Amino acid sequence: MPEHLNARVEACYRQAEHFFQRSFPRPTVSFRLRGQKAGVAHLDENLLRFNPQLYRENREHFLEQTVAHEVAHLIAHQLFGPRIRPHGEEWQLIMRGIYGLPPDRCHTYAVKRRATTRYLYRCHCPEHNEFPFSPQRHTLVAKGRRYYCRRCKATLVFTGEVLRE
């Protein structure tokens, strides 16, 4: 999997070097990115991080657009310094002029939301007496924190029911 992506990073750098007639230090490439972002360029560390899940699901477009997008951030930073806007004129020049790609800020990949877990708590109110707690809040209760109903002022009690969405 990383061979194609690393080859694309190298190709983007060679295009930039040919265009600007200078060399650029190669970044460290990581596949340790999760969530909604397809890629992130860490400018000061000269590091590119990519989302392996989105890469697997959108390989062709990812290699073409996302890799060039992130490399363009590093090239723009190395050429123009830290005071430029992330998707400003300099970055757009690199995307259009060197890579011949649209300077799109965001991807349109379908991102699967991860399953959420909720722990059901109750109070003594006749209506609206169920409170779904996040795993973090449930852990705090297990460590002794108490939560109270705003209506009846009773301590919320775990029902033992776990909801997975």
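The backbone N, Cα and C atoms fix where each Cβ goes, glycine too.
As written in Swiss-Prot, here are the features:
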type	residues	note
ACT_SITE	GLU70	active site
BINDING	HIS69, HIS73	Zn(2+) binding site
DOMAIN	10-158	domain 'SprT-like'
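Known features from Swiss-Prot, placed on the structure.
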residue	record	Cβ contacts under 8 Å, 6 or more apart
HIS69	Zn(2+) binding site	GLY39, MET95, LEU101, ASP104
GLU70	active site	GLY39, VAL40, ALA41, LEU48, PHE50
HIS73	Zn(2+) binding site	ALA41, LEU43, PRO86, TRP91
Helix, strand, coil residue numbers for the domain 'SprT-like' (10-158) per DSSP? 57 helix, 25 strand, 67 coil
